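Just below is one structure, and these are the notes that go with it.
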Amino acid sequence: MSASAADSRSAQLVLNIYVGLFVLYLFLPLAVMSAAAFNSYDYPSVTQWRGFTLEWFVALAHDQRLLQGLVNSVLVALGVIVVSIPAGLSGALILTRLGQRSGTMLYSVLVSPVLTPGIILGISSLIFWRQFGVAGGLFVAVMAQSSFIASYAMLLFLARLQRQDRTLEEAALDLGASHTMVFRRITLPFLAPTCFTAAVVAFLQSFENYNTTVFAIGGEWTLVTEIASRMRFGLSPVINVVGVIFVVVTLLAATSYVVLRGKPKR
């Protein structure tokens with residue numbers, strides 16, 4: 001018993017050390033980045049501490065390109081939601097109603113954009129829309145991102161639809177309901193939670209995308225492409241401030257979600 005207890009304590013100690021190192025690996029870079037945002041040194045650093053300051057937050061408030069990049073990122077992400085959610089839902093509905101052979105073939109086609117490199121998607125979208133006289137910009141960026149983000153939305157809807165009880169739809173049709181009414185009264189309410197999840201995934205995928213966006217955006221820019229372009233000339237602590245803001249927003253959103261989910265339903 002003593003040997004077994006010692007082995008158990010040793011295993012628990014190793015597990016605790018591993019978890020601690022893993023958490024440190026995840027959050028130490030965020031802590032260093034956040035600390036550098038409050039350093040008065042002109043280059044992001046915590047080893048060369050020159051004193052506490054908020055000047056980089058003020059500098060961000062006056063950085064028009066970063067602010068406009070943020071606006072453009074939000075606009076593109078919202079556009080991607082508008083395009084990718086209906087497209088993904090349509091693909092999922094079709095797949096659940098096709099036979100196995102045709103459904104497998106169509107599934108492979110609809111999922112293929114996820115496996116395609118973002119550079120190829122961006123360049124091909126730019127070339128395609130130029131044939132119609134549409135130059136690179138926010139619209140082309142929306143369409144380029146939607147070409148693969150819609151596949152993610154489709155996978156989410158497909159997973160949800162596979163758990164649906166189809167007998168409810170069949171019973172409604174037998175009772176005289178139209179297909180439109182069945183979709184509006186039965187299918188759509190069943191998919192409502194997935195619609196929200198897919199919208200969040202689409203927004204986040206679009207907001208952080210670089211490979212596809214940088215080729216499709218043309219003369220415009222998003223927050224990610226602007227930050228990437230500045231990295232060639234050396235970073236400024238203003239970029240750290242952007243990171244701090246996103247970390248705070250993420251923590252607030254996650255905390256709010258946990259609190260709201262923990263409240264008992266009336």
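Cβ coordinates come from backbone N, Cα and C, glycine included.
The transmembrane segment annotation in TrEMBL covers 12-38 (among others).
Here TrEMBL flags 70-257 as domain 'ABC transmembrane type-1'.
The transmembrane segment annotation in TrEMBL covers 74-95 (among others).
If you look at the transmembrane segment (107-129), the same-chain residues 6 or more away from its ends with a CB under 8 A from one of its CBs are 91, 95, 135-136, 139-140, 143-144, 147-148, 150-152, 154-155, 209-216, 218. Annotation source TrEMBL lists transmembrane segment at 107-129 (among others).
The transmembrane segment annotation in TrEMBL covers 135-158 (among others).
The transmembrane segment feature in TrEMBL is assigned to 186-204 (among others).
Under the heading transmembrane segment, TrEMBL lists 238-260 (among others).
Sequence-distant contacts of the transmembrane segment (186-204) (same chain, at least 6 residues past either end, Cβ-Cβ under 8 Å): 77-78, 80-81, 84-85, 88-89, 93, 149, 152-153, 156-157, 159-161, 164, 168-169, 172. Using a Cβ-Cβ cut-off under 8 Å and counting only residues 6 or more beyond its ends in the same chain, the transmembrane segment (74-95) has close neighbours at 103, 106-107, 110, 138-139, 141-143, 145-146, 149-158, 160-161, 187, 191, 195, 198-199, 202-203, 205-207, 213, 222.
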